[in-house]
(Lines of atoms letter the chains of each structure in order from A and count residues from 1; the text may use other names and numbers.)
(Lines give C-alpha, C1' and ligand atoms only; values in the text may rest on other atoms or scores of the structure.)
Protein backbone atom coordinates (compact mmCIF):
# COMPACT_ATOMS: atom_id res chain seq x y z
CA UNK A 1 0.00 0.00 0.00
CA UNK A 2 1.22 3.49 -0.78
CA UNK A 3 1.92 5.39 2.42
CA UNK A 4 0.81 8.60 0.70
CA UNK A 5 -2.76 7.77 -0.35
CA UNK A 6 -3.44 11.43 -1.15
CA UNK A 7 -1.04 11.08 -4.09
CA UNK A 8 -2.48 7.75 -5.21
CA UNK A 9 -4.14 7.76 -8.67
CA UNK A 10 -7.92 7.94 -8.52
CA UNK A 11 -8.21 4.55 -10.23
CA UNK A 12 -6.23 2.86 -7.46
CA UNK A 13 -8.26 4.55 -4.74
CA UNK A 14 -11.26 2.53 -5.88
CA UNK A 15 -9.41 -0.81 -5.74
CA UNK A 16 -10.36 -3.19 -2.95
CA UNK A 17 -7.83 -3.68 -0.17
CA UNK A 18 -5.81 -6.88 0.12
CA UNK A 19 -4.55 -8.47 3.35
CA UNK A 20 -1.12 -7.02 2.56
CA UNK A 21 -2.60 -3.53 2.18
CA UNK A 22 -4.30 -3.82 5.55
CA UNK A 23 -1.10 -5.19 7.15
CA UNK A 24 0.81 -2.18 5.82
CA UNK A 25 -1.84 0.16 7.20
CA UNK A 26 -1.69 -1.55 10.60
CA UNK A 27 2.10 -1.28 10.50
CA UNK A 28 1.98 2.44 9.81
CA UNK A 29 -0.52 3.03 12.62
CA UNK A 30 1.66 0.99 14.98
CA UNK A 31 4.66 3.11 14.00
CA UNK A 32 2.70 6.32 14.67
CA UNK A 33 1.51 4.93 18.02
CA UNK A 34 5.11 4.07 18.96
CA UNK A 35 6.14 7.66 18.15
CA UNK A 36 3.44 8.99 20.46
CA UNK A 37 1.39 10.55 17.65
CA UNK A 38 -1.66 8.47 18.59
CA UNK A 39 -2.98 7.53 22.01
CA UNK A 40 -4.24 4.01 22.69
CA UNK A 41 -7.91 4.89 22.16
CA UNK A 42 -7.27 6.60 18.82
CA UNK A 43 -4.91 3.80 17.75
CA UNK A 44 -7.58 1.16 18.43
CA UNK A 45 -10.25 3.23 16.66
CA UNK A 46 -8.14 3.59 13.53
CA UNK A 47 -7.14 -0.08 13.55
CA UNK A 48 -10.83 -0.99 13.71
CA UNK A 49 -11.45 1.38 10.80
CA UNK A 50 -8.70 -0.32 8.79
CA UNK A 51 -10.29 -3.70 9.46
CA UNK A 52 -13.64 -2.34 8.23
CA UNK A 53 -12.17 -0.53 5.20
CA UNK A 54 -12.99 -1.88 1.75
CA UNK A 55 -11.04 0.31 -0.69
CA UNK A 56 -7.91 2.46 -0.59
CA UNK A 57 -10.13 5.54 -0.49
CA UNK A 58 -11.49 4.39 2.88
CA UNK A 59 -7.99 4.76 4.34
CA UNK A 60 -7.58 8.43 3.37
CA UNK A 61 -9.11 9.93 6.55
CA UNK A 62 -6.99 7.65 8.77
CA UNK A 63 -3.62 8.98 7.58
CA UNK A 64 -4.25 12.62 6.65
CA UNK A 65 -2.81 13.91 9.94
CA UNK A 66 0.15 11.49 9.99
CA UNK A 67 3.52 12.02 8.25
CA UNK A 68 4.44 9.85 5.29
CA UNK A 69 6.45 6.78 6.25
CA UNK A 70 9.33 5.64 4.01
CA UNK A 71 8.91 2.36 2.17
CA UNK A 72 10.87 0.56 -0.50
CA UNK A 73 8.85 2.31 -3.19
CA UNK A 74 9.47 5.86 -1.97
CA UNK A 75 12.74 7.72 -1.54
CA UNK A 76 14.02 8.19 1.98
CA UNK A 77 14.03 11.73 3.35
CA UNK A 78 17.16 12.31 5.38
CA UNK A 79 16.57 13.92 8.76
CA UNK A 80 18.95 16.20 10.60
CA UNK A 81 18.95 13.70 13.45
CA UNK A 82 19.40 10.47 11.48
CA UNK A 83 22.31 9.83 9.16
CA UNK A 84 22.05 7.25 6.39
CA UNK A 85 25.15 5.31 5.38
CA UNK A 86 25.83 3.23 2.28
CA UNK A 87 26.92 -0.40 2.44
CA UNK A 88 30.52 0.52 1.50
CA UNK A 89 30.67 3.20 4.22
CA UNK A 90 29.48 0.67 6.80
CA UNK A 91 32.11 -1.82 5.63
CA UNK A 92 34.83 0.86 5.85
CA UNK A 93 33.73 1.89 9.35
CA UNK A 94 33.65 -1.75 10.46
CA UNK A 95 37.15 -2.42 9.04
CA UNK A 96 38.50 0.74 10.69
CA UNK A 97 37.09 -0.32 14.06
CA UNK A 98 38.59 -3.79 13.70
CA UNK A 99 42.01 -2.32 12.85
CA UNK A 100 41.85 0.01 15.85
CA UNK A 101 41.01 -2.80 18.25
CA UNK A 102 43.64 -5.09 16.76
CA UNK A 103 46.23 -2.30 16.97
CA UNK A 104 45.48 -1.65 20.64
CA UNK A 105 45.56 -5.36 21.43
CA UNK A 106 48.82 -5.90 19.52
CA UNK A 107 50.59 -2.92 21.12
CA UNK A 108 49.34 -3.95 24.55
CA UNK A 109 50.52 -7.53 24.00
CA UNK A 110 53.99 -6.45 22.79
CA UNK A 111 54.36 -4.06 25.72
CA UNK A 112 53.22 -6.74 28.15
CA UNK A 113 55.70 -9.29 26.80
CA UNK A 114 58.51 -6.73 27.02
CA UNK A 115 57.63 -5.81 30.61
CA UNK A 116 57.34 -9.48 31.57
CA UNK A 117 60.80 -10.14 30.12
CA UNK A 118 62.29 -7.15 31.96
CA UNK A 119 60.69 -8.24 35.24
CA UNK A 120 62.04 -11.77 34.80
CA UNK A 121 65.57 -10.56 34.08
CA UNK A 122 65.38 -8.26 37.10
CA UNK A 123 64.59 -11.21 39.32
CA UNK A 124 60.87 -10.59 39.75
CA UNK A 125 59.20 -13.50 37.94
CA UNK A 126 56.05 -13.18 40.08
CA UNK A 127 55.51 -9.61 38.99
CA UNK A 128 56.20 -10.67 35.40
CA UNK A 129 53.45 -13.29 35.64
CA UNK A 130 50.99 -10.68 36.90
CA UNK A 131 51.94 -8.29 34.11
CA UNK A 132 51.36 -11.08 31.56
CA UNK A 133 47.69 -11.15 32.62
CA UNK A 134 47.28 -7.84 30.79
CA UNK A 135 47.02 -9.74 27.47
CA UNK A 136 43.88 -11.79 28.27
CA UNK A 137 42.45 -8.77 30.08
CA UNK A 138 42.84 -6.66 26.94
CA UNK A 139 41.22 -9.39 24.84
CA UNK A 140 38.21 -9.58 27.17
CA UNK A 141 37.82 -5.80 27.25
CA UNK A 142 38.06 -5.34 23.48
CA UNK A 143 36.37 -8.47 22.10
CA UNK A 144 34.01 -9.65 24.85
CA UNK A 145 32.95 -6.61 26.88
CA UNK A 146 33.42 -4.34 23.83
CA UNK A 147 34.80 -1.41 25.78
CA UNK A 148 35.34 1.72 23.70
CA UNK A 149 33.36 3.99 21.35
CA UNK A 150 30.52 2.52 19.29
CA UNK A 151 32.45 3.22 16.07
CA UNK A 152 34.82 0.37 16.98
CA UNK A 153 31.97 -2.13 16.89
CA UNK A 154 30.06 -1.18 13.75
CA UNK A 155 27.93 -4.19 12.71
CA UNK A 156 28.35 -5.64 9.25
CA UNK A 157 25.67 -4.98 6.59
CA UNK A 158 24.70 -8.65 6.82
CA UNK A 159 24.11 -8.32 10.58
CA UNK A 160 22.06 -5.16 10.00
CA UNK A 161 19.96 -6.91 7.35
CA UNK A 162 19.37 -9.92 9.63
CA UNK A 163 18.29 -7.64 12.48
CA UNK A 164 16.00 -5.68 10.18
CA UNK A 165 14.47 -8.91 8.87
CA UNK A 166 13.85 -10.12 12.43
CA UNK A 167 12.10 -6.83 13.26
CA UNK A 168 9.93 -7.03 10.15
CA UNK A 169 9.00 -10.65 10.86
CA UNK A 170 8.16 -9.84 14.49
CA UNK A 171 6.02 -6.89 13.40
CA UNK A 172 4.20 -9.01 10.83
CA UNK A 173 3.51 -11.70 13.46
CA UNK A 174 2.00 -9.05 15.74
CA UNK A 175 -0.19 -7.73 12.93
CA UNK A 176 -1.26 -11.26 11.94
CA UNK A 177 -2.28 -12.00 15.53
CA UNK A 178 -4.18 -8.74 15.65
CA UNK A 179 -6.01 -9.55 12.41
CA UNK A 180 -6.89 -12.99 13.77
CA UNK A 181 -8.21 -11.39 16.95
CA UNK A 182 -10.27 -8.89 14.93
CA UNK A 183 -11.72 -11.68 12.77
CA UNK A 184 -12.52 -13.74 15.87
CA UNK A 185 -14.19 -10.75 17.54
CA UNK A 186 -16.26 -10.05 14.43
CA UNK A 187 -17.22 -13.73 14.17
CA UNK A 188 -18.26 -13.75 17.84
CA UNK A 189 -20.21 -10.54 17.31
CA UNK A 190 -22.05 -12.01 14.32
CA UNK A 191 -22.73 -15.23 16.23
CA UNK A 192 -24.03 -13.26 19.21
CA UNK A 193 -26.28 -11.17 16.96
CA UNK A 194 -27.64 -14.30 15.30
CA UNK A 195 -28.36 -15.89 18.68
CA UNK A 196 -30.10 -12.73 19.91
CA UNK A 197 -32.23 -12.68 16.78
CA UNK A 198 -33.09 -16.36 17.21
CA UNK A 199 -34.00 -15.78 20.87
CA UNK A 200 -36.21 -12.81 20.02
CA UNK A 201 -37.92 -14.83 17.29
CA UNK A 202 -38.51 -17.72 19.70
CA UNK A 203 -39.86 -15.40 22.39
CA UNK A 204 -42.19 -13.76 19.88
CA UNK A 205 -43.38 -17.21 18.76
CA UNK A 206 -44.08 -18.21 22.36
CA UNK A 207 -45.99 -15.00 22.99
CA UNK A 208 -48.09 -15.59 19.87
CA UNK A 209 -48.84 -19.13 21.03
CA UNK A 210 -49.89 -17.89 24.44
CA UNK A 211 -52.14 -15.20 22.96
CA UNK A 212 -53.79 -17.76 20.65
CA UNK A 213 -54.54 -20.02 23.59
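Any Cβ shown, glycine's included, is placed from N, Cα and C.
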Per TrEMBL record, range annotated transmembrane segment [choices 46-65, 66-85, 126-145, 146-165]: 126-145
Range annotated as transmembrane segment - as stated in TrEMBL, picked from 26-44, 102-120: 102-120
Positions on the same chain near the transmembrane segment (126-145), where near means CB under 8 A and six or more residues out: 101, 104-105, 108-109, 111-113, 115-120
